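**Student:** Quick paste from TrEMBL:
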DOMAIN    B:52-161  domain 'Methyltransferase type 11'
DOMAIN    B:213-277  domain '18S rRNA (guanine(1575)-N(7))-methyltransferase Bud23 C-terminal'
REGION    B:261-280  region 'Disordered'
Amino acid sequence: MKVLTLNFLTCAVRACKSSSDSFPLHPKDAELASDDVEVNPQLLVNLLPRLDWKALRTTSAELGFPQLPEQPPTIEELQADEKTLKDLHSLLMETNLMEGKLVCGHCGHEYAVREGIPNFLLPSHLV
Amino acid sequence: MSRPEDTLLADVHYDDVEARKYTTSSRIQNIQASMTRRALELLDLKSPSLILDIGCGSGLSGEILSDVPEDEGGPHVWIGMDISPSMLDVALQRDVEGDLFLADMGQGVPFRAGTFDAAISISAIQWLCNAENSETSPAGRLSRFFNGLYASLKRGGRAVCQFYPKNDTQKQMITSAAVKAGFGAGLLEDDPETKNVKVYLVLTAGSAGEGGKSSDITGIVEGMEDVDVLDNRRKGKTGKGEIKKGSKAWIIKKKEQMERKGKVVKSTSKYTGRKRRIQF
């Protein structure tokens, strides 16, 4: 599962829908893998306004990556600076979470991740 | 034609054997590919987008999303969810590019608001019409799914869901659930009234279309060839109030109503509703 996806995932439990703690999910015992993906600048430009930068900073810190800058780069900066684009691309698109758990900060529910596939099936009393 | 959703649950039906059969059958592959291309045409994406694939299975449709050439607005990044572990296992072995999720669409869509540019679903949402136990109902599953989908799409985003309705009731049930969730919904039927009929539910989330085009399905199919628009809404609006009370049409309508109730009604003739001649 890409770090990009992690930036959009929330807890699926119904009681967590209204809580702000249910996003982002916190990775635990994470095993990472790196994949080669072709750089697609237009896609990143399209996605940039939709990224939750604060959540991305939290996630990247929890996964043990160097601290991201306080503010997200603007679209112009992203287009002009090759390095920023590369860095963002390798974090969002190339870093994959293969094994581990995703923990909700509100209800504490743990979603197991196996072979890069998180299990979001819930028992019916939580739906 | 047998309908697998009548007999088993999706995750039970698509076991290892069934998942492999589904993915290696060249007939199914061809049908899936053509339906995905049709759905992409309806989505009309202009630049690389983030797409949700509901019921992605072994990633047959996802592959096509990843392979859209640059001049046609691709390649897109997709996230697929499916309830069958065997199907996802096949997808893993095929090494698809998108992210995969083991999740039940009837439990909602676990993404934050405004995540996706578009959503696509090929031959999946008819499974929502079946409830597996007494704790869930088809209506509940449908509404959770469409509410979740509506929230996770960005405003102005579109979703195209191809599905196999069992009958008109099911078609109606799915469409009205989508409308209730806030979508602008419409059905597109390819090859209607044949055995190969393909039903596409085209959903639009919020915001008006550009350039005066309406944002719902009628705006989307505008300019497409061989599409007849049947707009039931307009008919519904003008249907009432048009007939003047006392007119011939009104009398015939009333007679039909009475006939349906089982009353004895005089047959309609050319004299029906005419004024009587003046008697001295």
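Numbering starts at 1 and runs along the chain as displayed.
Cβ atoms here come from the backbone N, Cα and C positions, even for glycine.
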**Student:** Report, as numbers and ranges, every residue of the chain located at least six residues beyond the region 'Disordered' (B:261-280) whose Cβ falls under 8 Å of a Cβ in that stretch; write 'none' if there are none.
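**Tutor:** Contacts of the region 'Disordered' (B:261-280) (Cβ under 8 Å, skipping residues fewer than 6 from its ends): 247-248, 251-252, 255.
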**Student:** When the region 'Disordered' (B:261-280) is classified with DSSP, how many of its residues are helical, how many are strand and how many are coil?
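**Tutor:** Tallying H, G and I as helix, E and B as strand, the rest coil: 1 helix, 0 strand, 19 coil.
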**Student:** Mind checking how the domain 'Methyltransferase type 11' (B:52-161) divides into helix, strand and coil residues in DSSP?
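**Tutor:** Split into helix, strand and coil, the domain 'Methyltransferase type 11' (B:52-161) gives 43 helix, 30 strand, 37 coil.
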**Student:** In this predicted model, what is the average pLDDT of the domain '18S rRNA (guanine(1575)-N(7))-methyltransferase Bud23 C-terminal' (B:213-277)?
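**Tutor:** Averaged over the domain '18S rRNA (guanine(1575)-N(7))-methyltransferase Bud23 C-terminal' (B:213-277), the predicted model reaches a pLDDT of 77.
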